[in-house]
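Right, one structure below, let's go through it.
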Amino acid sequence: MGEMNQPPPPPVVVPPPMVVQPPMMHAPVGAGAIHPPHEQFHHLAYCVHSNPSWVQVAALAFLHYLVMLGSTVMLASTIVPAMGGTAGDKARVIQSFLFMSGINTLLQTLIGTRLPTVMNASFAFVVPVLSIARDFDQNKFTSNHQRFVHTMRATQGALIVASILNMILGFSTAWGAYAKKFSPVIMTPVVCVVGLGLFALGFPQVGKCVEIGLPMLILAVVVQQYVPYYFSHVHGRITFLFERYSLLLCIGIMWAFAAILTAAGAYNHVSLKTQQHCRTDKSYLMSSAPWIKIPYPFQWGTPIFTAGHSFGMMGAVLVSAFESTGAHFATARLAGATPPPANVLSRSIGLQGIGIFLEGIFGAPAGSSVSVENIGLLGLTKVGSRRVIQISTGFMIFFSIFGKFGAFFASIPLPIFAAIFCILFGIVAAVGVSYMQFANKNSMRNIYIIGLSLFLGISIPQYFNEYTASAGTGPARTNAGWFNDIINTVFASGPTVALIVASILDNTLEVRGSESDRGLSWFLPFLHRRKVFSDPRNDEFYSFPIRVHDFIPSRFH
């Protein structure tokens with residue numbers, strides 16, 4: 001009875017069955033942001049062996065001439081006054097530079113790398129040339145012009161002797177053997193520094209006449225990039241014209257603006273330095289340049305040969321080889337070609353030695369290397385045609401002979417050119433970054449090598465340049481002047497420092513088992529000459545013209 005009065009037990013609550021959710025299918029890391037590597041840029045309109053119409057070729061060739069003219073005038077303005085030269089001497093030096101640039105560019109595009117590279121007077125030769133100029137005291141000569149001629153003759157002799165170094169490195173195939181040690185990990189910082197190492201020719205020069213240089217920079221970006229994009233729906237040819245020829249329009253507008261400021265008296269009461277950078281009539285090139293003057297061998301007199309000057313000049317000749325090597329890899333990317341094979345690089349450096357020898361013969365006070373600004377112009381116009389560069393040599397030679405016409409364009413204020421360089425050098429630097437896609441971007445080894453090489457390639461030359469600017473000479477100050485010139489020249493070159501550091505690290509640090517991470521599986525077929533190993537496309541881009549092929553030793557084919 002008592003049991004019946006007990007309350008019933010609470011109901012047992014059965015939990016609902018657990019629903020097992022299927023595992024979420026996560027997208028792979030980086031999905032939607034992964035771009036596969038591409039050996040060639042897809043937006044190039046013309047590659048190295050394809051050609052636009054002759055009208056387009058002529059317009060682009062003239063643009064390439066204008067772009068290289070800016071650095072030519074800058075270099076002449078740096079070394080000629082230090083040698084004791086006048087405005088007339090500077091005009092003749094510019095003519096010699098242009099003439100030899102035309103000859104050397106034609107040689108390189110025919111039997112050198114055959115890439116669309118412009119060979120132009122190099123700033124790498126400033127240190128040894130100024131060293132030669134300092135050795136000749138003004139008190140030893142009756143006039144500045146006599147000192148200038150004597151310095152030119154000594155520079156000629158040094159160039160002639162020093163050029164033998166590149167001939168030996170190139171034609172002995174020693175440079176090609178060195179090039180076989182390259183990889184995308186090495187080329188990434190080297191090509192980056194080829195562009196970034198010239199930053200002193202960019203905005204620092206724009207700032208010397210900011211009212212002309214800065215508007216030029218802004219106008220070039222707006223007209224070349226934004227106008228084609230936002231107005232392409234109006235007419236299809238707007239994109240074509242502005243993308244390819246807008247620099248000609250921008251140069252003309254800002255040159256006219258500078259002429260108006262000059263005529264209006266805007267620079268009548270400013271410092272002489274500001275007038276030299278801003279005025280269109282302060283270079284005195286038009287009044288001092290001859291109407292017709294053909295550069296000829298030994299135009300300054302018999303060369304003077306001294307051992308010290310010749311050995312000192314070898315540092316600059318070696319630097320020109322390093323810088324040109326990095327520039328050739330940048331050109332190959334922007335011209336739609338495969339990376340240059342080792343044998344092609346070797347014959348190019350040997351031919352560059354011949355070009356420097358000819359420059360010594362014809363009285364150009366500096367040797368040549370690949371013009372970086374013209375490489376950037378290939379990317380800006382999206383035209384990597386070899387024919388365009390070959391036709392541009394006609395403009396170089398023509399304006400070198402008819403001095404008044406050449407001086408007319410050489411009177412464009414240098415800040416206008418510097419604004420263009422800001423864009424073109426930046427494009428070349430970015431091309432270096434693109435080489436990293438062929439190596440393992442997540443390898444700490446590769447990151448270490450690229451980072452250290454890139455930083456030292458900028459930092460060490462900056463130290464040498466700042467020291468030289470404050471002290472008048474470089475940090476190397478031994479009793480051997482030629483040794484000082486070599487050290488101060490080599491370590492003042494960003495691409496040279498980057499290539500040396502990257503080559504040592506990449507070929508000694510964790511080499512075993514890292515071939516795939518270094519990108520060698522993609523890179524090596526382009527470097528080899530033997531048909532068994534080489535990429536068949538190498539012949540498409542780098543083979544000699546049929547009539548030249550039979551006269552060149554087979555190891556350079």
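The backbone N, Cα and C atoms fix where each Cβ goes, and this holds for glycine too.
Residues annotated as transmembrane segment in TrEMBL: 62-81 (among others). Sequence-distant neighbours of the transmembrane segment (62-81) (same chain, 6+ residues past either end, Cβ-Cβ under 8 Å): 89-90, 93-94, 97-98, 101, 118, 120-123, 126, 129-130, 133, 148, 201, 205, 245, 247-248, 251, 283, 365-366, 371, 373-374, 377, 381, 388-389, 392, 395-396, 399, 409-410, 412, 414, 416-418, 420-421, 424.
Remote same-chain partners of the transmembrane segment (93-111), defined as residues 6 or more beyond its termini with a Cβ less than 8 Å from a stretch Cβ, comprise 68-69, 72-73, 75-76, 79-80, 85, 117-121, 285, 289, 293, 295, 299, 347-348, 351-352, 354-355, 358-359, 362-366, 368, 371, 386, 389-390, 392-397, 399-401, 403, 406-407, 410, 544-545, 548, 552. What TrEMBL lists as transmembrane segment is 93-111 (among others).
Residues annotated as transmembrane segment in TrEMBL: 157-178 (among others).
Look at TrEMBL and you will find 184-203 (among others) tagged as transmembrane segment. With a threshold of 8 Å between CB atoms, the same-chain residues lying at least 6 positions outside the transmembrane segment (184-203) that come near it are 71, 74, 123, 213, 323, 325-327, 329-330, 339, 372, 376, 418, 421-422, 425-433, 435-439, 446, 449-450, 453-454, 457-458, 461, 465, 493-495, 497-499, 502-503, 506, 518-519, 522-523.
The transmembrane segment annotation in TrEMBL covers 212-232 (among others).
Annotation source TrEMBL lists transmembrane segment at 244-267 (among others). Beyond the ends of the transmembrane segment (244-267), by six or more residues, the same chain brings 45, 56, 59-60, 62-63, 66-67, 211-212, 215-216, 219-220, 223-224, 227, 274-275, 278-281, 377, 380-383, 412-413, 416, 420 to within a C-beta distance below 8 angstroms of the stretch.
The annotation transmembrane segment is assigned in TrEMBL to 388-410 (among others).
Non-local neighbours of the transmembrane segment (416-435) in the same chain are 67, 69-71, 73-74, 184, 187-196, 198-199, 201-206, 208, 212-214, 216-217, 220-221, 247, 251, 254-255, 258, 327, 329-330, 333-334, 372-377, 379-380; each lies 6+ residues outside the stretch with a CB under 8 Å from one of its CB atoms. What TrEMBL lists as transmembrane segment is 416-435 (among others).
Long-range neighbours of the transmembrane segment (447-464) within the same chain, counting only residues 6 or more positions beyond its ends whose Cβ lies under 8 Å from a Cβ of the stretch, are 185-186, 188-190, 192-193, 196-197, 436, 474-475, 488, 491-495, 497-498, 501-502, 505-506, 509. Positions annotated as transmembrane segment by TrEMBL: 447-464 (among others).
Look at TrEMBL and you will find 486-505 (among others) tagged as transmembrane segment.
Beyond the ends of the transmembrane segment (212-232), by six or more residues, the same chain brings 203, 205-206, 238-239, 242-243, 246-247, 249-251, 253-254, 257-258, 261, 278, 380, 413, 415-416, 418-420, 422-423 to within a C-beta distance below 8 angstroms of the stretch.
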